[in-house]
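Report on the structure given below.
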């Protein structure tokens, strides 16, 4: 019999069993555990990546001047050894000299830019206008970083490629002026960013600083609700590493300028310290929330960050090989979009204008400081190299050091494999049912033989939803399609919807 009392009694006493849908609730619990692991795994990747950027940044101040001096010494003393070699200088020495000349020219050009006038010009603007300017500067900085390394690579290749005619050397001149113009403009752009941040620190009500910090949380809205694959998340992680390191350098510049205005009074440093901690904490919180929800919505495990770390470590280890085809600082620039030359030009300009060196004791302190920087660079490089070898070994990537990943040719998503070997790895799956990244088999067609030779570029850091690429066999002329893309081939920083070139 239906009655209100019986309905209320049924509502109070009815039961249910969660174990009837065990898979669903287990998956929900694993998502919670993944979100709890994200801060630790992400910060480990960020910590490693920031020290990689620091290593490339310190290289500009420490080893690059010494390498330029050795290249100039070889060039001056070349007649004493005779012209036994067709090359006057080795390609690496040519690139080092070009970097040094660009650095010196842009430094002297920055003397014509008045920092004080720029500061008062920006300070006179309204808060809303400064907020819009700062957003525009962030977008412009990413676009400059995306295209800047291509300009520098074009200069290095034009200066070092084998030339049959002497007139071909004239092509270096326009590339050189283009590179100088790029570094100068990018340095001015970063200076405007630092000046805007300095105005925000010195504002009385801190309204501009609050708006700039809230701008970081707007970034969550633009990225969390998009579809991400592993290669897209890898690119975003590299972008976040570069952005965080650049913010640290900008905060250093702001502190130097403020300390100079207050005659290096140490008490003023404690006034700036809470604002600096606030900016750093907001950046870390935004990155954690953003990556936590991206991995949650796209069913990506936290272990993927260890794979990203191994990929960055592979770049460092491969640059130490005898057959390395690029300098490590350039490799970091391509991978993360971090170009140290403009930032180094600006930092040298700020330091030389803020600190006056007078007297023998002051010059002695400068020499000791330079020796300290060299010691820090060497120590950082040794520790990073040891950690990188450990990460590469854990990821079972030693074979790739001898069989490098083929680079993509223009107009194709990926090039043909240079060396083929049979896959001996097994299949391992995670809790989400996706195959393990380090040991993934090739997806073969039904009519393809089982013992099909696979490419070495599909054995590590691949994603099951990447672009398809053709792999041809020299012996049997059999072709099959693979829907995987090696993360080691992703070496271009882009802002256009986190696309992969």
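Positions of Cβ are set from backbone N, Cα and C atoms, glycine also.
Because the structure is a prediction, the values reported are computed rather than measured.
Look at TrEMBL and you will find 410-462 tagged as compositional bias 'Polar residues'.
The annotation compositional bias 'Basic and acidic residues' is assigned in TrEMBL to 469-484.
As annotated by TrEMBL, region 'Disordered' applies to 403-484.
As annotated by TrEMBL, transmembrane segment applies to 46-73 (among others). Within the same chain, residues 89, 92-94, 96-97, 99-100, 103, 237-238, 240-242, 244-245, 248-249, 287, 309, 312-313, 316, 328-329, 332-333, 336, 338, 340-341, 343-344, 348, 370, 373-374, 376-377, 380-381, 383-384, 387 sit at least 6 positions outside the transmembrane segment (46-73) and bring their C-beta atoms closer than 8 Å to a C-beta of that stretch.
TrEMBL lists 94-113 (among others) with the feature transmembrane segment.
Within its own chain, the transmembrane segment (176-201) has Cβ neighbours under 8 Å at 98, 102-103, 105-106, 109-110, 113, 115, 118-119, 122-123, 130, 133-134, 137-138, 140-141, 144-145, 147-148, 151-152, 154-155, 159, 208-209, 212, 246, 250-251, 253-254, 257-258, 272, 275, 339, 341-343, 345-346, 349-350, counting only residues six or more beyond its boundaries. Annotation source TrEMBL lists transmembrane segment at 176-201 (among others).
Look at TrEMBL and you will find 338-355 (among others) tagged as transmembrane segment.
What TrEMBL lists as transmembrane segment is 361-386 (among others). If one looks beyond the transmembrane segment (361-386) by at least 6 residues along the same chain, the residues whose Cβ comes under 8 Å of a Cβ in the stretch are 48, 51-52, 54-55, 58-59, 61-63, 316-317, 320.
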